[in-house]
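*Asks:* Please find one structure pasted underneath; my questions will follow.
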Amino acid sequence: MGRRRAPAGGSLGRALMRHQTQRSRSHRHTDSWLHTSELNDGYDWGRLNLQSVTEESSLDDFLATAELAGTEFVAEKLNIKFVPAEARTGLLSFEESQRIKKLHEENKQFLCIPRRPNWNKNTTPEELKQAEKDNFLEWRRQLVRLEEEQKLILTSFERNLDFWRQLWRVIERSDIVVQIVDARNPLLFRCEDLECYVKEIDASKENVILINKADLLTAEQRSAWATYFEKEDVKVIFWSALAGAIHLNGDSEEEANKDDRQSNTAEFEHSSFDEAEISHSETEHLPARDSPSLSENLTTDEDDSEYEDCPEEEEDDWQTCSEEDGPEEEDCGQDWKESSAADSEAQSRKTPQKRQLHNFSHLVSKQELLELFKELHTGRKVKDGQLTIGTGWGYPNVGKSSTINTIMGNKKVSVSATPGHTKHFQTLYVEPGLCLCDCPGLVMPSFVSTKAEMTCSGILPIDQMRDHVPPVSLVCQNIPRHVLEATYGINIIKPREDEDPHRPPTSEELLTAYGYMRGFMTAHGQPDQPRSARYILKDYVNGKLLYCHPPPGRDPVTFQHQHQRLPENKTNGDEIKMRPGRNKKVKQIENIVDKTFFHQENVRALTKGVQAVMGYKPGSGVVTAATVSSENGAGKPWKKHGNRNKKEKSCRL
């Protein structure tokens, strides 16, 4: 049976309702000749929008003000400028960068750190805390006014007052204050006001800038920075925590191998004795050989339990280990004083005094670094017989914790790229008479031009990046094209004929080539540019893509000695030399239409008549047997199938 239809009466009501609705709509907008009481010849008070408006957005406020002023807006369709996506780099032009640098120099004096207010024995703890809060609040307001009025960009800085309180206490009890900076951009991570604050507290305290990751610089680059800081009357030391750790690991492996060889020799010599004699000989021999290592392990365990897992203390109860020593420990401290004095006298005889007056550009080792610290401070010490070195100030990824672990010879501080990872300062004794006072890593305020510079410097986390175009564009501007191609083994698309042939590649060109090479593709089959950007930026921060900022007054292009080592391709047709055994990658053609039109190499035409058969062309003369044999040998006999004399069909062309 077919589908039963609805009764006819059911659709009549809907038809009448639809007709009535259409009539009402048509009469609403048309005039009628019928008489009505609504003349519409006055102000319609019944249809006013009497809704109260107490708050409105900026756009609504602007439109309402324009309506009250009687301003009419007309769309302008002339002078339209389309901004392509590749032009949105987020970088500054040369004129803008020079203007911002001038503003940085003019407002350098406002870039300061909070000071601890003056206090005396009559000041109560509540009054001191309130004064510290007031000074800290005024300092933050000053930085906010600097950003708003001058339109300057500041780096992220520490906004927790408790961290600054620990900074004040560490400076007060330190003899040498060490700032750890990155060798690729020392001026960005240096805080000049911290050096002034140290001298304000005590003129006998010394300031030192420890330039970490100096192994990334060449000897000429280190010499240039040493000369610059020498003119600024600042002591700098070139240091590499990673190289020092590798050297220490190599020494430990050699010592372990030496101990294994000695143990094997001892076992071979005593193999002829019985078990009782062997056990007796081992008990006599092992303590004399392994006692230093056992003592080091015991001290290591004690130090780890004492410093790494120490609970958080109150601010009024912060004391170092030397302040809580008993009478027995005071005798030990007296021995430390005598040994440290003897060491300093011996070192003063060995090392020439001119080393304290000049900055040397060579890369120091761990032992040389400790000797320089001992020679640097010659005034009155905070604690007699003990040299206290305050460390820990610096941005993330500059190597604060790695430096301390390398100096101590084992892991004393956990390493992290997060600011504020160390919650409280701790004292670590390197040797008798030399103490490291590790302060939580404080991030000082500094000037930057763009947010992209902060991302490329490692200040902002790369994984939390919102827009990848400006940082990658900055990488393309700093790293030449041939260095990028040689580092990743890619071919970046060349500029068009109407563009500058020496322009840097855009972020899209670099990320597209890198994404194709690594296989980072989206669901739509396009290169995953944000994912590729994270890999490239991490390589830039880690130093795989190396760019070193020069001292003021030096040319940034000629300062990059590491870029001049790689040969630059002089012509566009040159290809990167590949390793033997690998297939050459296909070059990308920037304009496939022009290449196809002007370079038609395989042009064929359909002709009729006598054609070349078996290598013979009409009018070419007598065909020799050698020519026929060569033609036959060049082909594949198993592909002929007896179709040699048949003409090719036109549909196959």
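Just so you know, the numbers here start at 1 and follow the chain as drawn.
Using the three backbone atoms N, Cα and C, a Cβ is placed for every residue, glycine included.
Heads up, here are the entries from Swiss-Prot:
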| type | residues | note |
| --- | --- | --- |
| BINDING | 212-215, 394-401, 438-441 | GTP binding site |
| COMPBIAS | 16-28 | compositional bias 'Basic residues' |
| COMPBIAS | 258-288 | compositional bias 'Basic and acidic residues' |
| COMPBIAS | 299-333 | compositional bias 'Acidic residues' |
| COMPBIAS | 637-647 | compositional bias 'Basic residues' |
| DOMAIN | 164-445 | domain 'CP-type G' |
| MOD_RES | Ser93 | phosphoserine |
| MOD_RES | Ser97 | phosphoserine |
| MOD_RES | Ser252 | phosphoserine |
| REGION | 1-31 | region 'Disordered' |
| REGION | 251-358 | region 'Disordered' |
| REGION | 630-653 | region 'Disordered' |
*Asks:* As a test of the contact definition, list every same-chain residue at least 6 positions from Asn212 (GTP binding site) whose Cβ is closer than 8 Å to its Cβ.
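*Replies:* Listed in sequence order, they are Ile180, Val181, Asp182, Ala183, Trp239, Ser240, Ala241, Val398, Gly399, Ser402, Thr403.
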*Asks:* Using the alpha carbons only, what distance in Å do you get between Lys400 (GTP binding site) and Ser97 (phosphoserine) once rounded?
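*Replies:* Distance between the two Cα atoms comes out at 31 Å.
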*Asks:* What number of additional C-beta atoms lies within 10 angstroms of the C-beta atom of Ser93 (phosphoserine)?
*Replies:* 8
*Asks:* Pro440 (GTP binding site) to Ser93 (phosphoserine): how many Å between their Cα atoms?
*Replies:* 38
*Asks:* For the domain 'CP-type G' (164-445), provide the mean pLDDT of the predicted model.
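*Replies:* Summarising the domain 'CP-type G' (164-445) by its mean pLDDT gives 67.
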*Asks:* Need the DSSP three-state call for Asp438 (GTP binding site) to compare against my parser.
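*Replies:* Looking at the DSSP assignment, Asp438 (GTP binding site) belongs to a strand.
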*Asks:* For Asn212 (GTP binding site), which DSSP three-state class applies?
*Replies:* strand
*Asks:* If one measures from the C-alpha of Ser97 (phosphoserine) to the C-alpha of Pro396 (GTP binding site), what distance in angstrom results, rounded to a whole number?
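*Replies:* That comes out at 25 Å between the alpha carbons.
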*Asks:* Relative to the Cβ position of Asp438 (GTP binding site), how many further Cβ atoms are located within 10 Å?
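*Replies:* Result for Asp438 (GTP binding site): 24 other Cβ atoms within 10 Å.
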*Asks:* In Å, rounded, how far does the Cα of Ala214 (GTP binding site) sit from the Cα of Ser93 (phosphoserine)?
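*Replies:* Between the alpha carbons of Ala214 (GTP binding site) and Ser93 (phosphoserine) there are 30 Å.
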